[in-house]
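Asks: Let me give you the structure first, and then I'll get to my questions.
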Amino acid sequence: MGRAKKVVLAYSGGVDTSVCIPYLQHEWGVEEVITLAADLGQGDELAPIKEKALNSGASISLVVDGIETFVTDYAFPAIQANALYENQYPLSTALARPLIAKMLVEAAEEYGADAVAHGCTGKGNDQVRFDVSIAALNPNLKVLTPAREWGMSREETIAYGEKYGIPAPVKKSSPYSIDKNLLGRAIEAGVLEDPWAEPPEEVYEMTTAIADTPDEPAYVEISFEKGIPVALNGTAYDPVALITEMNQLAGQHGVGRIDMIENRLVGIKSREIYETPALSVLIQAHRDLESLVLTPDLSQYKRTLEETYAKLVYNGQWYSPLKEALDAFIQKTQERVSGTVRVKLFKGLSSAVGRKSANSIYSPDLATYGAEDKFDHKAAEGFVYVWGLPTRVWAEVGRQ
Ligand code: ARG
């Protein structure tokens, strides 16, 4: 008796996920393996990947285009939430996992599979994101995780694959472990494991080295409607084109590099390098626009929830009830977040240098130090007296 009859496997074309195919069949008695490769704008050619799955023993090899959904249903809400894990990482990898999980579950339901599978190991966050998302979407599906259990080294994995006709990687494999999609690249391992070592320039692909960036700054005007970026420099863009263009613009100026030590859910600290040009700039611009249109208490309260939101996404709880409830809150806050932010890109730095909105509650008449000043200075006196009263009384009692 096998662990499952028919399995839909998340497939990337790499050695590990390829080896999962014969492993599921020969070690775990799975009768039929259907692979699913998700196109999330990672830039890999998918036709050879589709072919490779069939050659590795898959009965059906699915390629699903999810780029637009990825941007509109996953990246945009995260931008509205200004989601930065540990204040830095805009969750480019973490956001992809719940979407891939959804594709797996939908394929399993369509093809009548009794399980889904992925090739994550036991040390990362992605296993959590897949397992928990799948459980949330269809708690009856089994999740098979060969790479978490097989205990083979890299060499053993390659040798196992060769037994079943899976060719060993031709080019000397990169020392880095890289995950990429339209939103960015995450790079770890190799020399990066030394937290003191500066990342070599070769790890970067989407961002230009500062030494080679233009000597003139570029300006980009980013327009938002209800918290969603819709136009660049006055030209409307569809969601995918907007991210693509923004990656290009910011990347050219070396903007969007992150080098951090992060805390994984499984308790391990890891050193990660990210390149997320578009996402980093869009969150910065979005947050800036919010500062113009939201009341102080709403702005400040939202900030505290943003941290929770980012943590939930990082920790695989995209489909959790708390995340859903936060979504409702965040959507409500975005009703007036429409307007334009002017961002300056220069030598690896992005700065919001201008902002405007029909919903602005910034009042020049109140803010000005000039003669137009409408602020009632006399009212301040009584306000400050009342505001400071508890402190005054406390101080008086302390002096006795
Ligand atoms: N640490 C990031 C996360 O958990 C990215 C991991 C991506 N994988 C990689 N091989 N770099 O979301």
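From the backbone N, Cα and C atoms, a Cβ is placed for every residue, glycine too.
All TrEMBL annotations are machine predictions without curation.
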Asks: Out of GLY112, GLY119, GLY122, GLY124, which one does TrEMBL list together with ALA10, TYR11, SER12, GLY13, GLY14, VAL15, ASP16, THR17, SER18, ALA38 for ATP?
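Replies: Only hit among GLY112, GLY119, GLY122, GLY124 in TrEMBL's ATP site, alongside ALA10, TYR11, SER12, GLY13, GLY14, VAL15, ASP16, THR17, SER18, ALA38: GLY119.
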Asks: Filter the candidate list GLY14, SER18, GLY119, ASN125, ARG129 of binding-site residues, keeping only entries whose CB is under 6 Å from an atom of ligand 1.
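Replies: So the answer is ASN125.
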Asks: Using C-alpha positions only, work out which of the binding-site residues GLY14, ASP16, THR121, ASP126 is nearest to GLU262 (L-citrulline binding site).
Replies: ASP126
Asks: Just to verify a number: CA distance, ALA10 (ATP binding site) to THR121 (L-aspartate binding site), in angstrom, no decimals.
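Replies: About 13 Å separates the two Cα atoms.
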Asks: Round to the nearest Å and give the CA-to-CA distance linking ASP16 (ATP binding site) with SER177 (L-citrulline binding site).
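Replies: Answer for this pair: 12 Å between alpha carbons.
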